[in-house]
Amino acid sequence: MADINIGVAKEKVEAKGFLDLEVDPQLDLFNEIEKMKKEKNAIVLAHYYQEADIQDVADYIGDSLGLAQKAEKTDADIIVFAGVHFMAETAKILNPHKKVLLPDLKAGCSLADSAPPAAFKKFKEQHPDHLVISYINCTADIKALSDIICTSSNAKQIVESLPPDQKIIFAPDKNLGSYLVKKTGRDMVLWDGACMVHEIFSLEKIMKLKVRHPEAKIIAHPECEEHVLKVADYIGSTTGLLKFSQEDPAKEFIVVTETGILHQMQKSSPDKTFIPAPPDNGCACNDCPHMKLNTLEKLYLCMKYELPEIKMDETLRQAARKPIDRMLEISARYGL
Ligand code: SF4
């Protein structure tokens, strides 16, 4: 592939959201990415739902909480975020002076999209005496309208950190919200949003799998619907599920979340069997179409041209930072 100039590269990103360029199939992309990391003082942060090759080349793999903490602490000049848009935005909110890159700007999130800022602002105005706790899976605009951010790793502690009589709006995930209502006994007002991946698991197919694998433990993410969570042996964040799979003596697990996490589970427990829970469609496993927009080629091109870059209005960034800082403070207090 002949190199293109930066102007042409920017035009390509504007047109498609990513650098739609041919990559020489002979190129050792792992090696090239490693070289660029050193040359550019860049760090690659990857979410557990990324494809296996991206996880293998990442400097850090984690869930939303771990990634936000890592993004806050890094001294790299460039953060390459292999995840979806709201995650890269969070890294930018925490690092205004660093370049934050996302291999494909179209890597969105159905859950984040389920809370349009104007409608959410109105909803908030209807509950003036409520504080807003928002799950990190939301846009910078929703973060700016929130009092505290949480992730699935710290949500329970964040809710419990508020006085018992404090009225709370929880957004945008109604499934995580109703799980937290049960866990904490707090009566929260829930925004009606959901994740397209965690909402379509088939309970019937999961139970059929359980009949075929009676010893398997069902482990599920709290973004799943209540009827699925009811049959789970363990419910936890992505990191929580990984940890449970490492520590629990069971040899088989039916994993009810996005399939990307199976790569780390299998790597850290090669003697165990991990079965992806099937969704309620024709497929056998459940991939997030947004997360999977990132590829190793796009990651390579994004590092080479330092595009697409996340840009953010400074007033919005400062407003979105406050609730994230509150989350990081509370998480540190609880040792999370
Ligand atoms: S798995 Fe769900 S919450 Fe996560 S990025 Fe995909 S759509 Fe969003």
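Cβ coordinates are placed from backbone N, Cα and C, and glycine is handled just like the others.
Copied over from TrEMBL:
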BINDING   HIS47, SER64, TYR135, ILE136, ASN137, SER152, HIS221, PRO222, GLU223, THR238  iminosuccinate binding site
BINDING   CYS109, CYS195, CYS288  [4Fe-4S] cluster binding site
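Among the binding-site residues HIS47, TYR135, CYS195, HIS221, the residues whose Cβ sits under 6 Å from any atom of ligand 1 are CYS195.
When the C-alpha distances from CYS109 ([4Fe-4S] cluster binding site) to the binding-site residues TYR135, ASN137, HIS221, GLU223 are tabulated, the minimum falls on ASN137. The two recorded residues, TYR135 (iminosuccinate binding site) and CYS288 ([4Fe-4S] cluster binding site), show a Cα separation of 18 Å. In this structure the alpha carbons, written CA, of HIS47 (iminosuccinate binding site) and CYS195 ([4Fe-4S] cluster binding site) are 16 Å apart. Over all protein chains present, the Cβ of CYS288 ([4Fe-4S] cluster binding site) has 22 other Cβ atoms lying within 10 Å. Ranking the binding-site residues CYS109, CYS195 by other CB atoms within 10 A of the CB puts CYS109 at the bottom. A straight line from the CA of ASN137 (iminosuccinate binding site) to the CA of CYS195 ([4Fe-4S] cluster binding site) spans 9 Å. For the recorded site, TYR135 (iminosuccinate binding site), the DSSP three-state label reads strand. CYS195 ([4Fe-4S] cluster binding site) is 7 Å away from GLU223 (iminosuccinate binding site) when you measure Cα to Cα. Counting only the Cα atoms, the space from HIS221 (iminosuccinate binding site) to CYS288 ([4Fe-4S] cluster binding site) is about 14 angstrom. Sorted by the number of other CB atoms within 10 A, the binding-site residues TYR135, GLU223 start with GLU223, the lowest.
Within 8 Å of the centroid of the Cβ atoms of CYS109, CYS195, CYS288, where the record puts [4Fe-4S] cluster, the same chain has further Cβ atoms from VAL84, SER110, LEU111, ALA112, ASN137, MET196, VAL197, HIS198, GLU258, HIS290, MET291.
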